[in-house]
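Sequence annotations record features per position, and here Swiss-Prot assigns domain 'J' to 5-70. The zinc finger annotation in Swiss-Prot covers 133-211. Residues annotated as Zn(2+) 1 binding site in Swiss-Prot, with sequence analysis given as evidence: Cys146, Cys149, Cys199, Cys202. Residues or ranges marked as repeat 'CXXCXGXG motif' by Swiss-Prot: 146-153, 163-170, 185-192, 199-206. What Swiss-Prot lists as Zn(2+) 2 binding site is Cys163, Cys166, Cys185, Cys188, and the listing cites sequence analysis.
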Amino acid sequence: MAKKDYYQILGIPKSAEEREIKKAYKRLAMKYHPDRNQGDKNAENKFKEIKEAYEILINEEKRTAYDQYGHAAFENGYNQNNTYSTFTSSTDFGDIFGDVFGDIFGGSRNQRVKKGADLCYNMEISLEEAVKGTTKEIRIPTFQKCKTCYGMGTSTGTKPNGCSTCHGKGQIHIRKGFFTVQQSCPTCNGIGTVIKNPCRMCRGQGRIKTNKTLSVKIPPGIDTNDKIRLSKEGEAGTNGAQPGDLYVQMKVNKHPIFEREENNLYCEVPINFTMAALGGEIEVPTLDGRVNLKIPSETQSGKLFRIRGKGVKSVQSRSRGDLLCRVVVETPVNLNEKQKYLLSELGNSFNGFRGDKNSPRSKRFFDGVKRFFDDLTK
């Protein structure tokens, strides 16, 4: 009796992609699976056809051969015995439905290798270090690959043995009602191998807990909440898997003089009212040393003066921010009698506190107050 066309069995066109093949197989396999049709010989035979068609069409080489030669390409080589009962092929029912039912029934995918965990380290630095860049040494607790067994977990001269429970696959198949699902092997914990002669140093784990010292290069311009990634400096992986990464989380401590806003620095510069009125020159601090700042006459409190290039260097470019100095005019305190007299005379020379010429802002303020109360009495 001639075999049916594999494409017709799955109900797909010859141009079907891998995703369409899998989708059709899932739908038909669920419908005709023997666990759902116990005692139904027709369903059993139908499932065998579906399984056979899927295994040919999902394999690129077999599909190409089938498209060229038809069923004759497999008459001498393809074995379809025990199609559904043993589920030993690479395309078994558990593989197809594991992604759907694995979470429900506690199933687990291959756990043979597992990348090491990423680590995070919180680092505090000063503003000076953030602006200029620096190198810091840190010490972190982590898991490192065992240097005695090189991560294998076995004693010298031995190697892991294949697990007799799962035959090295790392998974076993458990019947759950109508379904047979994959689960991680309880004997080898999904690894596929067991260690009969474990390494004495790591006790078969392949890695040991230790403290690791690292040198971290901090670039100029780093800021709070920035992260520095150190590739493969996290925990060692299991069974030869690559290690994780280390992320250094930055925090720049507050400075007693400067405040940072992006790449600019701000500071307050107190001056006496004489300098504010007459002008002068004052030394101001920068992170590179002292510089002279010229104060023009008639400077008002709160005025900002910009010193270019004395801020923070950008991490992304070579440009550097500015230093902005906010002038604060101080009111003199602890005056002696002579100073009080001189200030009184100075105030009288201004024609009181509302002098039009010497205190224009005061005049505007008090004129506004007068208009406000005049409007209330109308």
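The first residue you see is number 1, and the count goes up from there.
Here the Cβ of each residue, glycine as well, is placed from N, Cα and C on the backbone.
Counting in whole angstrom, Cys188 (Zn(2+) 2 binding site) lies 20 from Cys146 (Zn(2+) 1 binding site) by their C-alpha atoms. Listed in sequence order, the residues Lys147, Thr148, Tyr150, Gly151, Met152, Gly153, Thr154, Pro198, Arg200, Met201, Arg203, Gly204, Gln205, Gly206, Arg207, Ile208 complete the 8 Å Cβ shell around the Zn(2+) 1 site centroid, once Cys146, Cys149, Cys199, Cys202 themselves are left out.
Around Cys202 (Zn(2+) 1 binding site), the same-chain residues at least 6 positions away in sequence with a Cβ under 8 Å from its Cβ are Cys146, Thr148, Cys149, Gly153, Ile208. Rounded to a whole value, the Cα-Cα separation of Cys185 (Zn(2+) 2 binding site) and Cys199 (Zn(2+) 1 binding site) is 22 Å. Listed by sequence, the residues of this chain that lie at least six past the ends of the repeat 'CXXCXGXG motif' (146-153) yet keep a Cβ under 8 A from its Cβ atoms are 159-160, 195, 198-202, 204-208, 236, 239-240.
For the pair formed by Cys199 (Zn(2+) 1 binding site) and Cys166 (Zn(2+) 2 binding site), distance between Cα atoms is given as 23 Å, rounded to the nearest Å. Summed and averaged per residue, pLDDT over the repeat 'CXXCXGXG motif' (199-206) gives 84. Neighbour count (other Cβ atoms within 10 Å of the Cβ, all protein chains): 22 for Cys185 (Zn(2+) 2 binding site). Within the same chain, residues at least 6 positions away in sequence whose Cβ sits under 8 Å from that of Cys166 (Zn(2+) 2 binding site) are Ile172, Cys185, Thr187, Cys188, Gly192.
Listed in sequence order, the residues Ser164, Thr165, His167, Gly168, Lys169, Gly170, Gln171, Ile172, Pro186, Thr187, Asn189, Gly190, Ile191, Gly192, Thr193, Val194 complete the 8 Å Cβ shell around the Zn(2+) 2 site centroid, once Cys163, Cys166, Cys185, Cys188 themselves are left out.
Long-range neighbours of Cys163 (Zn(2+) 2 binding site) (same chain, six or more residues apart, CB within less than 8 Å of its CB): Gly170, Cys185, Thr187, Cys188, Ile191, Gly192, Thr193, Val194. There are 22 other CB atoms within 10 A of the CB of Cys199 (Zn(2+) 1 binding site), with all protein chains counted.
Per-class residue totals from DSSP over the domain 'J' (5-70), listed helix then strand then coil: 51 helix, 0 strand, 15 coil.
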